[in-house]
Amino acid sequence: MSAGSAGEDLTRRTAAELAELLRAGEVSSVEVTRAHLDRVAAVDPAVHAYLHVNTDEALEDAARVDERRAAGEDLPELAGVPIAVKDVVVTRGQVTTAGSKMLEGWVPPYDASLVTELRRAGMPILGKTNMDEFAMGSSTEHSAFGPTRNPWDLDRIPGGSGGGSAAAVAAGLAPLAIGTDTGGSIRQPAAVTGTVGVKPTYGGVSRYGLIALASSLDQAGPVSRTVLDSALLHEVIGVHDPLDSTSLTDPATGLVAAARSRDLAGMRVGVVTELGGEGYQPGVRAAFDHAVELLRGAGAEVVEVSCPSFDYALAAYYLILPAEASSNLAKFDGMRYGLRVEPADGPVTAETVMAATRGAGFGDEVKRRIILGTHALSAGYYDAYYGSAQKVRTLIQRDFAAAFEQADVLVSPTAPTTAFRFGEKVDDPLAMYLNDVATIPANLAGVPGLSLPSGLSDDGLPAGFQVLAPIREDARLYRVGGVLERMLTEEWGGPILDKAPELEVTA
Ligand code: GLN
């Protein structure tokens, strides 16, 4: 392939294909990186997947990898493949805002541990992707810097909170991206953009350097075009980190091999009764049912499992998450990071500066959750709200334990609907929260989950298929996902992203 004509092509390649071309010396990392940066310049004004683009630094990093390769160095698998990183992950010397006015222009003095791993793997960082403010939301409409648009239909949301990472991959603006998933923010955006997203086992990827939303739920993970690509990236970032006390001690292994599996003989697949009934769009459900049939055809034994406590997961999550978030966000006080606003009149004290800064710096959804969280934690209400939610959390963990006695993996639609239109749910918090009804149980129990496209719904938009596995059994996600993806791609006659409409060049 000649580099000149390859520009457009390179932005449609999988990370595995790019890695292969780079290894064979058919393209350079500078060419691959530049192809993506060119496409960002051309179409991202319309999509707005990125908040910040690191043109010069990404090209310098790419040139350095090319030099090392030319010198005959033995490089890591993904060396030279560029990547986009959600703006909730701190990057040294590069603005990191978490989608909030509170951190506008803030330049972190250090790298998150997962970013250190990306750099060690020789992956140029293209830029930072848009998100709902502090990762609160399911549509990116809560970003302080304007929403991201879904590449499948620019009038629709790309999911959230990591809509920027998912849209970047779907639109060919990055071959890979990093997301974070506290209640579904990797998997739900993947579902509505036709991409693959994985929430590893809690502790599987270091949280050091993530701007914390809810520390007991937060987990970073890959977003990609294919299951294999997510596995490749997962193995790069899934390593032990002494800087995170909840980091698992053994690294994630066998994921890439699992993603290359050919069959599911002996695998018991459990369809979760509670995740798929009322409220699920018929086209989403139909694509899901079809995928389950394919799994059966690949040798899986399909069983129905019931997890009755899942019906309370959403309610428990919206107490636990705000409680933890209200504590984590207390550090944004006008003294330490980013924005500082002094009161218009009256005395300038720590309290008045804090009130003025937080009033100006936080958006409505963030304020809503801080108020909810501090209320749930306050004396007299703690047991009734936070305490009850923690009990539900235990019941959900028990449901998972019982379900994994009957099945090796659990499956459901990832999100109840396809991408909705801007404005449809943004003024109705409960309607917005319901998008995560199927993804939240995994975060409450710490189990890993993967979303891959199951097909197009009756409205022509992508639907997601979710696979869940027991703690530390992330490889099972890739085995099921890899086999299903191969069968579906064959049916579609090619990758689902090739069916997305061409984006117009706007710059
Ligand atoms: N949409 C969910 C929320 O608003 C999930 C957020 C996330 O995973 N970061 O809390």
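Just so it is clear, glycine is given a Cβ too, placed from its N, Cα and C backbone atoms.
Since this is a predicted model, take the numbers as computed values, not measurements.
Features reported for this protein in TrEMBL:
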ACT_SITE  K86  active site, charge relay system
ACT_SITE  S161  active site, charge relay system
ACT_SITE  S185  active site, acyl-ester intermediate
DOMAIN    31-477  domain 'Amidase'
- Item | Entries of K86, S161, S185 (active-site residues) sitting next to ligand 1, with Cβ under 6 Å as the cut-off | S161, S185
- Item | Same chain, 6+ residues apart, C-beta under 8 Å of the C-beta of the residue listed as 'active site, acyl-ester intermediate', given in sequence order | M131, D132, A135, S138, G159, G160, S161, G162, G179
- Note on the structure: Quick tally, other C-beta within 10 angstroms, K86, S161; top of the active-site residues is S161
- Query: If you average pLDDT over the domain 'Amidase' (31-477), what do you get?
  - Reply: 97
- Item | Where K86 (active site, charge relay system) falls in three-state DSSP terms | strand
